[in-house]
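In Swiss-Prot this protein carries:
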type     : residues : note
BINDING  : H78      : heme b b562 binding site
BINDING  : H92      : heme b b566 binding site
TRANSMEM : 28-48    : transmembrane segment
TRANSMEM : 72-94    : transmembrane segment
TRANSMEM : 107-127  : transmembrane segment
TRANSMEM : 168-187  : transmembrane segment
TRANSMEM : 223-243  : transmembrane segment
TRANSMEM : 279-299  : transmembrane segment
Amino acid sequence: MNYYSINLAKAHLLHYPCPLNINFLWNYGFLLGIVFFIQILKGVLLALVILQKLSYAYYSVQHILRAIMDGWCFRYMHATGASFVFILTYLHILRGLNYSYSYLPLSWISGLMIFLISIVTAFYGYVLPWGQMSFWNTTVITNLLYLFRTCFMDCGGYLVSDPTLKRFFVFIYFPFIALCQSLFGILPLSHPDNAITVDRYATPLHIVPEWYFLPFYAMLKTIPNKTAGLLVMLASLQILFLLAEQRNLTTLIHFKFAFGAREYSVPTICYMSSMLIWIGCQLPQILHFIWSFIYYIILF
């Protein structure tokens, strides 16, 4: 038995350690726990009635909206709750960056693992409504996995189809993994084009993911090579893990405090991320590519 883990849990439940200058920014973790629990509860209820078969998935979502009592409320609460999860997560990460929480590697990396699991869960949720935007978003994202042949073929290959839908539905337990990780969903898309039945022969003018994936989507649009785009996207997440090692980089710490970089880093990240969200939802144009490239260089 791991007595250290038990004592650590008891210490947090009975005598929670917190700084003297505690303020409202320390509420984000608690709010995330509440929203996450509500998401799991609604996700389980919606999973009871949705049919993950190619011919019925879209119509089962419409059945939830129109035929089931208060089904529309559960569906839209689930979609809105997913946005709240990512809003609170991004604010939580920014708070950690501002207060140099990366100096606590165990807590920092544990939180980033929850963030990555949430991203994977939201991606699986793209497929479930099986609307027009769901289908084409999934086609774009799964094609990025062509470097990993086994995963690529398991996701349905170049043609997203019924096996893809069923295999992704199997991974709806991912929120429970994130919940366990946070202790020691499955979301429908809200884009208007997703309320259209899938048409394999009509590619949308502009494939738009949910807003919390738009910075990554802007990165993929900026870099023409799929492999390079995927590597840069992974690097943008990996760099957060590397922040846990900055305690050993004394030169970087001296630079931050000598030139006041700490005070300007978080506002800069907020501004760059906001601009990348805006660029990600725009039609692909040369000007947007240039600005996106500049913003990503500054962000890195």
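Positions of Cβ are set from backbone N, Cα and C atoms, glycine also.
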Problem - Alpha-carbon distance [the residue listed as 'heme b b566 binding site'; the residue listed as 'heme b b562 binding site'] in Å - result: 21
Fill in the blank from the handout: The recorded stretch from 28-48, 72-94, 107-127, 223-243 sharing the largest number of CB pairs under 8 A with the transmembrane segment (279-299) is 223-243
Completion exercise
In all the protein chains shown, the tally of other Cβ atoms within 10 Å of the Cβ of H78 (heme b b562 binding site) is 22
Practice task
Enumerate same-chain residues with a sequence separation of six or more from H92 (heme b b566 binding site) and a Cβ-Cβ distance below 8 A; give 'none' if the list is empty.
Solution key: Y28, G29, L32, G111
